[in-house]
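See below for the structure under consideration.
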Amino acid sequence: MEAQVAQFTARLLQQEKEIKLLTAEIDRLKNFGCLGVSPSLEALRDENTKLKYRLNFLRKSLLDERNKPIKSMININSRLQKLFGEAIKAAYPDLENPPLAVTPSQQPKFGDYQCNSAMGITQMLQKTKEQKVNPREIADNIVKNIPDNDCIAKVEIAGPGFINVHLREDFVSKQLSNLLVNGVQPPAIEKRKKVVVDFSSPNIAKEMHVGHLRSTIIGDSMCRLFEFVGYDVLRLNHLGDWGTQFGMLIAHLQDKFPDYLTVSPPIGDLQAFYKESKRRFDTEEEFKKRAYQCVVLLQSKNPDFIKAWKLICDVSRKEFQKIYDCLHITLIERGESYYQDMMKDIVQEFEERGFVQVDDGRKIVFVPGCSVPLTIMKSDGGFTYDTSDLAALKQRLLEEKADIVVYVVDSGQSVHLQTVFAAGQMIGWYDPKVTRVVHAAFGVVLGEDKKKFKTRSGDTVRLIDLLDEGLKRSMDKLKDKERDKVLTAEELKAAQTSVAFGCIKYADLSHNRMNDYIFSFDKMLDDRGNTAAYLLYAFTRIRAIARLANIDEEMLQKAAREAELILDHEKEWKLGKCILRFPEILQKILDDLLLHTLCDYLYELATTFTEFYDNCYCVEKDRQTGKIVKVNMWRMLLCEATAAVMAKGFDILGIKPVQKMPVIPNQGAKAPRGATGSFGGYLEERGDK
C-alpha cells in the first residue's frame, strides 16, 4: 500500500506541474485576445480531482493499516525514516536520492529521535541546483510535509537544522503492551530469504583449536538471528575432508592397523596419529610414494580406500561433536568431498567461456580487479581448493538458490574469497545487486601478552582444553560467591555451564569481529562491566523481582492485557524507549553482520534498567514485617518486558541463562549498583521497593 501511495503522489505532483504550465499558457493567450479554454486543461483538472480523492483514501487506509494491532515488533527508526522520506519527497520532489538520516537522540532534552537530513539536502541543492538556502528553512519545509501518523507527538527545529522528534507516550505504551501480550516477536520482513552460512569448518584428522572458536561462535549467532527473523537458514560445516593428506593417513592406517577393514581401529588420539603420518611422509620416501598412490585410489573411489577414509572421518566427527554439544551448536556437514564430482564441470564451464589460461601445465583463471589468479587444475590433473570453493559457491547459488551466502572465515582468507566471489560474478552465477555474497571476516585470538594465543609450550590451544578450563574457573567463581551453599548439585552444574560457555561466547561476540581480541578468563568471568557474568546476574535479578513480589506469570499476562503502562517518570520513559529499540538493533546487524552491536545494546538495557529500578519503586514492603504493602503493576510489566528482550538477545547470542541462581546477601550490606556493579545482594536489602 505504501508503494501505491508513493505512485499516486508522484502522478499527482507531475499533473500539478502540467496544470501550472497549461494555466500559464492560457493566461498568455488571453492577453492576446484568445479567450478559449483548453480541453486538455479541463481533463487534467478532472483527473487531478479524482487522483486527490484516491490519494486521500489510500493515505487513510495506510494509516488504518499501520494502526492495526500486529504481533511483529515495530522498528521505530524505520517507521520514522518512512515518514521523513515521504516528507522530503513531498517538499523537494525534484531531488534524486536525497539524504535520509534518522537516529536516536543522545540527550533527552533533544527529544527521542533526530532527523539530520536538512544539512545534507542543503549541500545537494547547492551542488546540483546552485541554490543558496538556509538548512533551517529546509527543515521547516520537511516538518510541514510530515504525513499524519500515530507515533510523533511533536517536532522541534534546533541548531543549524536538526529536527528533534518527540514520540507519543501512548504510542510507546502501546508497543510495550504489544510486546508483553505477544512476546518478543521479530520485526516484519518483506520477503522470506534463503540464507546459507558457512562456518566452523575444522579439518579432519586435526583437533579443533582456539582458531576455530571464533568462526563457530560467530557463525552460530548469525544463524540464530537469521532464523529469528524468519529466514530459511542452511547451517553448513565446510569440513576439510579431502585432499593429499588423506593419502598419508590411509597409508599409515594400513601399516598400523592392517585389519582395519574387518576390525574397527582403536585410534584414540587422532592428532598424534596425524603427526606420526606427517613425520613419515616428510622423512620416508617409500611411504611418501605409497601415500600418493593412496590418494589416486581414493579419488578413483576404490571401496577399500573409501572405507579407510570414512573411518578416519568418523573418528574426527565424534571429537568435533563433543565441542558442538558443549556450545549447543547445530550444523549440517558438507565437506570438500561433497563437491568433488562437480569440479570437472567447473573447469569445463570456465574453459567454454574462454576464461582459462594454461601456465606451466596448470589451468588458471585471472579475475579482473584481483591480484592473484585462481588455479582450477594442477599440472597433474588434480583439483585445488580454488576449484572446490568455486564448486561450493555455484552449488549454494544455483542449487540451493540462496539469497544470502555468508562465509564466516578468518580475515587471512579475504583475498582468496573475494577472488572466488568475483569469479562467480564474472561467469554469471549471481548479480551482487540481487544476491548478497559476503565474507564475514574475523581477527585472531590473542593471549594476554597480545601475541597469538598459545600454550606455554608454544602449541596451539586445543578448544576442548579451553572449554574445560572455562568450566573449572566458572565453578571456582560460583563457589567463591557461595552459590554451592544454596543450589542443588543439578542447579550448580547448570549455573556452571551457563556462566562458563556464556562468558566464552560473549567475550568473543562483544568485540568487533573484524578486530583481533585478547582472551582473558579473568575479564570474561568478571561480574562488573560489559560481560556475560554481569548480564546473567542482571537477568536473574530482574526475573526474581516478580517472584519476590509473589506475582506469577498468569498475573503478569492478565496485567499486560488490561493495565495501562504509565511512563511518567523520566527513568520509566528512558527504559521503555530502550526496550523498543531492539528491532532497530537487529536490523542494523542484518545489514552489517556485526554482532557486538547486540552485546552493547544488552549492556545498555541492563544499566538503563538499573537506573529505573534505583529510582522507581516496583514493590513496597513493610520494613518491620516484610509484608508486601503495594505493587506497582505497570513497573512490574516494565521489568518483565526488559527480561523478555534480554532473554531473546541471549538466545540470539547462543547464551543460555540460568533461571534459578539466587543472589547471596552481603552480610546485611547494600549491594553495589550502577553500570560496573555486581548483582550480589538480595533485593530485600533495598529497603524494599
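Just so it is clear, glycine is given a Cβ too, placed from its N, Cα and C backbone atoms.
A quick note: this is a predicted structure, and the numbers were derived from the prediction, not measured.
Taken straight from TrEMBL:
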COILED    5-61  coiled coil
DOMAIN    78-167  domain 'Arginyl tRNA synthetase N-terminal'
DOMAIN    535-661  domain 'DALR anticodon binding'
REGION    669-689  region 'Disordered'
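Looking only at the domain 'DALR anticodon binding' (535-661), the predicted model's pLDDT averages out at 91. The DSSP breakdown of the domain 'Arginyl tRNA synthetase N-terminal' (78-167) into helical (H, G, I), extended (E, B) and coil residues amounts to 40 helix, 19 strand, 31 coil. According to DSSP, the domain 'DALR anticodon binding' (535-661) comprises 87 helix, 7 strand, 33 coil.
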